Structures are given as structure tokens and as C-alpha cells.
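Written below as C-alpha cells is the structure these notes are about.
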Amino acid sequence: MIEADRLIHPQIIDREEAEAVDRAMRPKMLDEYTGQDDTRAQLKIFIEAAQKRGEALDHMLIYGPPGLGKTTLAMIVANEMGVNIKSTSGPVLEKAGDLAALLTNLEPNDVLFIDEIHRLSPVVEEILYPAMEDYQLDIMIGEGPAARSIKLDLPPFTLVGATTRAGALTSPLRARFGIPLRLEFYNVKDLSSIVARSAKVMALEIDDEGAVEIARRSRGTPRIANRLLRRVRDFAEVKHSGDVTKVIAEAALDMLDVDAEGFDYMDRKLLLAIIDKFMGGPVGLDNLAAAIGEERETIEDVLEPFLIQQGFIQRTPRGRIATPRAYNHFNIIKPDA
């Protein structure tokens, strides 16, 4: 697994960090939400239409790399609809009764948010199908020959599922989501706006160039941008006057070993393994995972997406290949084929 202290890990490092983001930095309404313009425009229409009809919003699947705002969007949906949200995650729902307890406590049009929905157990998933389609819950009462099935009516509700691995969902579950939304990595302009907004919430003075520098090294991910902003603030308060400029942001992030592309030692280790150990590739995922001491799922879900999106790695049928841009990043001359 990825080391817990990896600063640019796009997943939540600890629950305290998540709660701090929840309280202060997360936008509450769509108008406050920055980036993902197409997704935001679609959601605005879907929400307004559901409100006009007085109905629950259709079930929604939000997918994409970690740290892009899937949980935030689920909360915004509940706020925009003026309803409550109950949150859980796939691994937590071990038994059918766990899901039944949540569903039977929903009010009309409430939002049920299930993070990591691709990790639902088959038993729980089977219970979810009639709940999503017919707002009914099929549960078994008793055991053995005396066991019987009863149907409970549920109020209309919106299931919002979030996943980093949409392909891991079963086809029957995926087909029951009427609104699929894919979140993309953020551009520097949108990320710098997020950094500036977060700095304002933190009562931190930051100039435009400082915000851009943090955004540029945040791997297109708001969660990483906010995490780096907090560490840059620490540096600015101890080493300087407390205000953040480009020079201060550069010094702080260099000290934290986050380079100009947003890479840390794990990214560099991955790229250099392909270049040095496997002569630029192609290399299979299992061999690459063994070479850098990581799990293949970590490489696929956390390390690779940004490197591929930025053009440092290519996936081919034969394996991963380091691109010319990867060689240039390390000032290595690519040997002739």
C-alpha cells in the first residue's frame, strides 16, 4: 500500500483532515463549486427538473480518480434538493441488515451516499436492486424452514454512488444509475481558484502567483491542493511573515519534495523504474509493481492516472511505456530504438 505519510496521496490521509475539509473548505452549493463545468451544468438541470416535479433526483453514479470531489458533489446534491444525506461506504455494509437499517430511516427524497460502491458485497447488492428500482426492500424474517420474505415500502430516495473503479461495478448495478457523472482532473486555472477560496476560508493572505504555484503542483486534484496549501501556510508562518507568494510556495514545496510537475518520490520511482530497469518499457503491471514494491491496484488507481493524463506514461497491450516527456523530465537521453 502507499505510505500513509505521502503528502500528495489523493486519498484521505486521516479522518481529522477530512472533517476539517468538510467544515470549512468544501463548497456547499453548486454556485460555489469550481471546475467540472459540464458536470455542474448537467446537475443544475437535473436538480431543477426534479424540484419542479417534486420528485427525488434519479440515482447517480459519480466516478473518477480519488480526491476530485465525489463526496462534495453528493453533499451539494442534498443541499440543493433541501434534503438530508446519510453517508456510508461499500466495505462497511457487510450484511443486508446494515443496508436495511439505513434505507428504512430515510425520509422522502433523502440522499443515501455510498462511497467505494464497487466494494459492496453481492448479498448487499442484491438487496439494493429492488430498493433502487421500486423503492421496496425485500428482507428475510426467521431462519430455516420457518423463514419468510416480506416486502417493505421505502420512501423515494436518491442513491449517490461514488467509485474510483467504475469498471469494477457489476453490469446490473451500473445499469440502475440514471445519472452517470465522470469527474476529470482539474486544470491549473480552476485549481488556483480553489486554492484562493480555501486560503480565504483559512484567513491566509496569498497572491495569485502563489495560488497558481500550489495549483500547478497539485496533480489536478483539489484534495491535494488543499493539503499542500496547509503545509505551505505552516512554512510561511514559521519562515516568513505568514503571507504566501510564489517564492514562498516554491520554497515550501521544494522542501516537501513535491517537484514542478507535482511528482513526489513515488512518482519518480515509478518512472525511473520503467526507464532504468525495463529500458523504457513495455513492462507488465505485475513486474512494475514488484520492481517498486507497490500493489498493482495502487499503481492503477493512484499513481498511473495522472502520469498517463499528463503524457509521461502510455498503456499499451504489451505493458507500460515511458514517453519522451518522462525522459525529458529527468534529463535522460532516450536511446534509439
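Glycine residues also receive a Cβ, built from the backbone N, Cα and C atoms like all the rest.
Swiss-Prot annotates Arg26, Gly67, Lys70, Thr71, Thr72, Glu133, Asp134, Tyr135, Tyr186, Arg223 as ATP-binding residues; of Arg176, Arg197, Arg233, the candidate listed for that same site is Arg176. When other Cβ atoms within 10 Å of the Cβ of Arg176 (ATP binding site) are tallied across all protein chains shown, the result is 18. Note: the CA-CA distance between Lys70 (ATP binding site) and Arg296 (DNA binding site) rounds to 23 Å. Checked against Asp134 (ATP binding site), the binding-site residues Thr71, Arg296, Arg315, Arg320 differ in C-alpha distance, with Thr71 being the nearest.
Mean pLDDT for the region 'Head domain (RuvB-H)' (260-337) in the predicted structure: 92.
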